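Could you have a look at this structure, given as structure tokens, before my questions?
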Amino acid sequence: MPTPTSAVSPPSSSSFTTLLTRFHRLVDGWLQGDNWLWKVVVLGLITPLIFFPTHPGLWNLPTEYWAAFQTKFYFWDTIEDQLIHPLQPIICYDEKPGCHEEKMVFRLFLPALLAVVRGRIGVYAVQLLCWPVFLYLLAREAEQLTHSRSVALYLTLSVMGLYIGGAFPFDFIICGDAFAYFFLLLAAVSRNRFVLTISLFLAYWVDERSLINSAYVLIYRCLVVAKDQPVFGRQNWLTGGAVLGSWIAYLGLRFGLGYLYHAETPTNSAGFDFLTTLPLHSNLLKLGRSYELLWALVLVGLWGLWQQRQTLLLISTLAALTVSMVVSVMVADTSRSMGYGLVLFLIVLPPALAQLRLSRLQHLLLIVALFCVFFPTRYLLLYRPEIMYLFE
């Protein structure tokens, strides 16, 4: 009689899985109570402290911050000049044509905010105030999608290990990305269509890349949040109309101002040069380190959509992701640009949960969180501590 094959996992694997399961239970137990979201927020706020031992350049930040807030400094001067000469051609910081500053002509949110708060420190303070709200909204939405507080915690900490989360405390030269990330997330998680429209409208004036990545918001609101509604039902028509309204309002006002002030955003072939001349492995490396190990969640979620035959959601998400990646490579600021697609993580959470079940999703996101927080990409940080080099 043949010996039956044992269905029991190897002891080492079983012990490791049991250990992870116990850890998840401890985390869920700690997150019990009505104030669990604020526990997640606090952990997210202290996460950057972990970067200091592994990133020597961060110890120079006090000096860099003082210089940024008190003296002539990259981007701050450009934003202040926009207040004096709005919608006028911008002189490059290094006096070389084709620079980043030239593309800031229509990025009017930061100059407007500077006019309101009347100081660099005030703008940075508003950015810091957006940080805990961003973490709160992200964790709350993740919990609503998965009904797991530990998953919400792991995803939030993972995002803090990327440029997306790091931009809030470390962007003292004010690229402005953190504001755009905040508005895009707010648009995705708010169930109020007026808030949706206004949030997207403001995000566009922070950076044009928000307009491209607003497709993720539309996909999430119509195909994930409203999955129980008819695709072409009244609710989705209203949501689509709100997003379309934000596009029309922004583009109409932008082209109107451009015509009135004879202003335009300089363009050249640089983007296509980056796309066609850089080695493939260089582009793949940049894209890979943009989301780090969170790519695993994205891939599992996309595979889950395929397995579950959610064809429309799969095709829409792949199309938005492809466009986002191409644009990110073309503009060279890959990690910053890919950060505008942060709503992608919310889109892939439900199919990843259905594909892996809760226990395996918890295992995956715990590993992802540990990797993103303790082994963030470093590269050029060894040479300069500014935020645009932290994770790029």
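A Cβ is built for glycine as well, from the same backbone N, Cα and C atoms used for every other residue.
OK, TrEMBL features for this one:
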TRANSMEM  121-139  transmembrane segment
TRANSMEM  151-174  transmembrane segment
TRANSMEM  180-206  transmembrane segment
TRANSMEM  237-261  transmembrane segment
TRANSMEM  288-305  transmembrane segment
TRANSMEM  312-332  transmembrane segment
TRANSMEM  338-356  transmembrane segment
TRANSMEM  363-382  transmembrane segment
For the transmembrane segment (338-356), which recorded stretch in the set 121-139, 151-174, 237-261, 288-305, 312-332 gives the largest number of Cβ pairs separated by under 8 Å?
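The stretch I would name here is 288-305.
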Residues of the same chain, at least six outside the transmembrane segment (180-206), with any C-beta under 8 angstroms of its C-beta?
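Long-range Cβ neighbours of the transmembrane segment (180-206): 106-110, 112, 130, 133-134, 137-138, 140-141, 164, 167, 213-214, 216-217, 220-221, 225, 238-239, 242-243, 245-246, 249-250, 339-340, 342-343, 346.
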Counting only residues 6+ away from its ends, which parts of the chain sit with a Cβ under 8 Å from the transmembrane segment (237-261)?
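For the transmembrane segment (237-261), the sequence-distant neighbours (Cβ-Cβ under 8 Å, at least 6 residues beyond its ends) are 86-88, 106, 193-194, 196-198, 200-201, 204-205, 211, 214, 217-218, 221-222, 226.
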Please indicate, using numbers and ranges, the residues of the same chain that are 6 or more beyond the transmembrane segment (312-332) and have a C-beta under 8 Å from a C-beta there.
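Beyond its ends, the transmembrane segment (312-332) has Cβ neighbours at 209, 212-213, 215-216, 219, 223-224, 231, 270-272, 274-275, 278, 283, 286-287, 290, 298, 302, 305-306, 338, 340-341, 344, 347-348, 351.
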